[in-house]
Amino acid sequence: MVFELLDGSTGYVLLEKGLPEDDLFRQIWSARALVEKKYHSLVKQTHESYLKLGAKYITTNSYATQPTWYEATFGTEEGRRVMAAAMDEESSAEVLELVGSIGPLGLMCAHAKLSAQLAVESRHEFASGGGGGGGGAEGNKDNNNESDRNNHSNNNHNHSNNNHNNNNHNDENSICILGSLPPLVESHRPDLFWDALEAKGEAFFLDNYKDLAKALLEGGADCLVLETMNCWEEAELALRAIRELMAELAGTRSQQKQDVIVSLEGSLRGKDLKPQPHLAPAWVRKVLEFDLGPTARLRGVGFNCAPPEDILESLEHLSTEGVLAELETRDILVMVYANLHERDIYDEGFEMPSVQSPQRPEARKVTRRGDLIETAALATADEQTTIPCAGYVKFGRKITRDFGVKILGGCCGCGPQGIAAIAQHV
Ligand SMILES: [Zn+2]
């Protein structure tokens, strides 16, 4: 592999593993699994399914721990009613008591921290050979190939642990936990970001990003990743929050700089929701120019949750304008994880069901794109063969070879099958 493997989507994997697709799930999506203890193991199983495939980066299940959904769900009568209806009496009483003492945003941070702890536990159990026994020979081969040029360093320095194996498949330090920081209002909706900025002010973003980042680091995340940023301005607020947090934590942590990755929503939509991939060079330059302060560093820039075609266009603009070359010179990785769904729902205005109408009859079903996920013939180096997720594999080959993308995974619609396909065939 010429790239390092990132994991895939979380929400539907959790559902497949037994998380109920109830009204509470529709309100807080994958955070549903954090609310009740009995589902925590499903989060770990989801991480494990990607670790088994050789993922070197796993992402905390904190994409849905964000203030808009938590306020609506745990901070309103109607939201709490939906929650109580979804859970047994004892569990909901427990959550209500907690909300009573720490508030909806306190619960959000507790869940963000928990999501990181669950990822740490999964990694540990996987590395110590538990939870299904690790990967096969193929995983070992990949990892050995990677170790030489793998110059990223995780923040944990427990080299003294019992590294009795000669097989770095079981090396916890080779697996990086990405602490996910999502858009705080809605994904794929720059218009709503600007509305919220005007209505709530910068403090809403700075305070919540700071609290969420702190919780993720306390829980054990190695690297913070801003995911699906609607626009540069949203990413900038998150970066400012991280810089402030790091300044406050200075002296309390190891001297190693905190790694940060900024991943933009790969279509770079405008307020009118129209894709504008031609803005990729300008937005990435702004990310590069941002001063993260003395105790944090930019480890990568990414493009995620957009159709592969849009991401490809963004990469082409970056290449033409010399930004990819600059990233390489500065040793900043490019990360891509595309969305494999039909694009119309995003083009027309993506929306989570609201608390007021969790079961809107007009809510459309999101469908995956056949041309990306179907098994089809694809030429390998020396033969023509049929492979699963052929369309996405083809995209993966192109961006890792032509554009030097170093971290590749999948976003919405790309589960373990898709990740297995790129692990084996890209
Ligand atoms: Zn996505």
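Count begins at 1; order follows the chain as displayed.
Glycine is treated like the rest: Cβ placed from N, Cα and C.
Sequence annotations record features per position, and here TrEMBL assigns Zn(2+) binding site to CYS305, CYS411, CYS412. CYS412 (Zn(2+) binding site) has a Cβ environment of 23 other Cβ atoms inside 10 Å. In the three-state DSSP scheme, CYS412 (Zn(2+) binding site) is classed as coil.
TrEMBL lists 128-138 with the feature compositional bias 'Gly residues'.
TrEMBL lists 139-151 with the feature compositional bias 'Basic and acidic residues'.
The compositional bias 'Low complexity' annotation in TrEMBL covers 152-168.
The feature domain 'Hcy-binding' is assigned by TrEMBL to 1-426.
Look at TrEMBL and you will find 125-171 tagged as region 'Disordered'.
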### Query
Counting every protein chain present, what is the number of Cβ atoms, excluding its own, within 10 Å of the Cβ of CYS305 (Zn(2+) binding site)?
27
### CB contacts for CYS411 (Zn(2+) binding site) [other CB atoms within 10 A, all chains]
26
